[in-house]
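Undergrad: Quick one: the structure is below, questions incoming.
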Amino acid sequence: MERIRVSKVEDVTLWRRGTRFDGTLHLMPHHIVFRYLPAPPPGSSAPSQPPRQKEVWITYPMISHCVLRPSPAASHQSPCIRLRCRDFTFFAFNFIDEKKAREVYDSIRGLSCKLGRLDKLLAFAYAPKPPEDKYNGWELYDARKEFKRLGISSKDSEKGWRISEINRDYKYSPTYPALIAVPTKISDNVLKYAGIYRSRQRIPALVYRHPINNCSITRSSQPMPGIRGNRNSQDEKLVAAIFATNSGWKTSQSSTLNLDGASPDSSVVNLNESSADSSFVGVADAEAVDSGRTTVDDLANVTEPDSDVPKVYGAQQRNAIVDARPTVNALAMQAVGLGSEKMDYYPGAEKAYLGIDNIHVMRKSLESVIDALKDSDITSLPPNRNALQKSGWTKHITNIMDGTYLIANTVGILHSHVLIHCSDGWDRTSQLSALSQICLDPYYRTFEGFMVLVEKDWLSYGHMFRHRSGFLGSDKWFNIENERIERKGDDAFGNNPLENALRGARGFFNRNNDSTESLSQAADANGGELQSVSDVAPSADGTSTPKFTTVGAAEEHRVTKVNELSPVFHQFLDATYQLLYQYPNRFEFNERFLRRLLYHLYSCQYGTFLFDNEKERVEARAAQRTRSVWDYFLCRRQEFINADFNPTIDDNIRGQERIILPKKSQQARWWSEAFGRIDDDMNMPFGPQVPGLTPQSSNMSSPPNGRVSPLLRSGASTPIPPSTPIPSYAPIPPSTPIPPQEPIVTGVETAEKATGAGTTIHADPLGALVAVSSELPDPSTFAEDLDSELMEGLQSLKVADREAENRSRSRVKGRAPSAGATLRQEMEVEMQ
């Protein structure tokens, strides 16, 4: 391959966690491979046979930072290349020859950030060996089959939902799936006009229907009311129809609990009963609910009812429109024609702002965590605990968990509908939607069910995996110590007067929201069981033939935009880990499953996560040209199964209820295993000791049973030297005391066949967790301030008149003004 300047370098020293390994470095088309002989254990006798050579494999997309330290002329230091990987492994390679070190550095740089096309990645060349080749994870998720499991089909309109094919050619909304579930009463013609009111035509669409109460979780992008507060009757009609889908819905007799023999202190009630004076715990007065204006005081002043008096839930719905953003971010978007719903137009619902920060804040938070871990190649010391705490990472995870509680509680306990959105509805919305469904539906806590959930809520609904993950790398991640390399395009604004004026407007937003990062300050930003492959795949007769290619999403030239990278999916897996830790016997998969999924997000060994939406995957023929990441897990199922999993759903037994809710008494903890650390390194100093995870000693170059698997003999070893064991962990043992939980649903079933038998009962009130804000304030003052700042900047640069003239010309020609379009595009990135 022309980018490989040197393919093999001998006498290289690898440093990992302060331990030294001497060996040979190989550069392959898709991997860095380091081969070494393990040192014998201290005090051991001479082996009868020579030790077996071990290997460290690193895929190029895993590299998030690479630094070459040349050897100064007057120094005895050897040249060194330090790598920081996205799975939080750190490596330092020392060389004897500086020329070789520079050639290796240039080769790694070329193979990491000079590809320019997705079809140059490993996924398009990877050919699995038996038995993995017998699996086809692309067939795991079928939208119609999953909708049918949720009780929605073309033959059954009783539940109020239908499957629309308005987007079958992806022209209606390119970032949405081909099949969309919408209320039966809403025609495709209504959807056509409703779509123009939502950013990128991402209309409110169903992702989950509760089988007991017929309440729903729907998701969308932000509306576009703008400063003038524009409205759209079709959008209002669509949302109203969603909230009315369970009107008159009755729980079937077989799904209710007979209370004749129930104990007096039982919290289980019959949903078919009704009472004129029944009400929710934590519900404000009906007038406030109808207007959508619920204050913090309304919720805070509600007292707990007498536990002996059963409450009837569902008598008064608390439908919610959940905006995941901080309030000021939503207001800021109104300046460019976007924003949030005005609740006067959506009666019977409340607005809740969750205050989850945007992608830029999350990226900076993770960078702070990495800074605390960054010397893990040369030292075995624990990370900087103060730096970990200041990163705010666990605070962000806690905020996401709080939002999950609100949504799951509203649907499962309060028997109400929830519409979720953030800005474009593909980052925070995906996190909240998927986590809430994990809490509500036992099926999504199973091995295959979790895969289906990722396919549905993350892949089909258009989370931008390529944009957020940066698979093609960036020049900004590579540097040489004591050398300044000028890069074109580093100044995003240059000398453009208008763009400089817009900086002043962004400064206005930043003064009102410390959590919002300026665009001008965009950040640069355990092992892979992989086989050696080449860029040509063998045909049936054994000859090598080029891989099939077509011009499409995989062949299009791509550039990583570092200001759009963010660990959104990582946070989702982290939050799932929090639930797994809190409910160790309610998940069929174990912690290692989540950790390996995070690894394969970045390995680019599989085609599942390479694209931004379903349309791109179809255009690139990803299912025909690449393997699914689920092949890897299905083939190794037993490695990822939780031994403590209890599949029984019996709401008469505490700890086996259908619904689980994040425990508010527990703050988010560090997922230390994902960061390549033991639990004591990251969790113990910050509070009272919590039950630890059970260690499973792992050499990370051999399977858990100690035997060498045939799947690993071709170089598929995990890059941790055997003399530096880093334990992996299983969930806490069942003997660990778990705080008692109230029973949630009645009925007995298994998680794999969760159909909804049971009835929902009391849990914590909605208001106990998060404050539900009032309606949006009048943005007129905000808009005037923004316009004033813009005009001041333009006038100071003497371009105001010229820009006004340009806008006038654009209107005459029927074109949108370029300056406004630029501002809107950049504001959308800023507030995502």
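Cβ atoms are placed via backbone N, Cα and C, with glycine included.
Residues annotated as active site, phosphocysteine intermediate in TrEMBL: Cys422. Look at TrEMBL and you will find Asn358, Ile359, Cys422, Ser423, Asp424, Gly425, Trp426, Asp427, Arg428 tagged as substrate binding site. Marked as compositional bias 'Polar residues' by TrEMBL: 694-704. Sequence annotations record features per position, and here TrEMBL assigns compositional bias 'Pro residues' to 719-742. For 799-808, the entry in TrEMBL reads compositional bias 'Basic and acidic residues'. What TrEMBL records for 137-675 is domain 'Myotubularin phosphatase'. Taken from TrEMBL, the feature region 'Disordered' covers 687-743, 798-832.
A description of the local structural setting of each listed feature is requested, covering burial, neighbours and distances.
TA: DSSP assigns Cys422 (active site, phosphocysteine intermediate) to coil in the three-state reduction, outside any helix or strand. A simple way to gauge crowding: the CB of Cys422 (active site, phosphocysteine intermediate) has 28 other CB atoms within 10 angstroms, across all the protein chains here.
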Undergrad: Pairwise over Asn358, Ile359, Cys422, Ser423, Asp424, Gly425, Trp426, Asp427, Arg428, annotated as binding substrate, what's the top Cα to Cα distance to the nearest Å?
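TA: With Asn358, Ile359, Cys422, Ser423, Asp424, Gly425, Trp426, Asp427, Arg428 as the binding residues for substrate, the largest Cα distance is 13 Å.
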Undergrad: By a simple count, how many Cβ atoms lie within 10 Å of the Cβ of Arg428 (substrate binding site), its own Cβ left out?
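TA: Around the Cβ of Arg428 (substrate binding site), 30 other Cβ atoms lie within 10 Å.
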Undergrad: Measure from the CA atom of Cys422 (active site, phosphocysteine intermediate) to the CA atom of Arg428 (substrate binding site) and give the result in Å, rounded to a whole number.
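TA: So the Cα of Cys422 (active site, phosphocysteine intermediate) lies 6 Å away from that of Arg428 (substrate binding site).
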Undergrad: Helix, strand or coil: which one is Asn358 (substrate binding site) in, per DSSP?
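TA: DSSP assigns Asn358 (substrate binding site) to coil.
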Undergrad: Determine the Cβ neighbour count for Asp424 (substrate binding site): the number of other Cβ atoms within 10 Å of its Cβ.
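TA: Here the count is 23.
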Undergrad: Within its own chain, what residues at least 6 apart in sequence put their Cβ under 8 Å from the Cβ of Trp426 (substrate binding site), listed in sequence order?
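TA: In sequence order, Thr175, Arg202, Ser221, Tyr461, Gly462, His463, Met464 meet the Cβ cut-off.
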Undergrad: Could you tell me the C-alpha distance between Cys422 (active site, phosphocysteine intermediate) and Asn358 (substrate binding site) in angstrom, no decimals?
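TA: Cys422 (active site, phosphocysteine intermediate) to Asn358 (substrate binding site), Cα-Cα distance: 9 Å.
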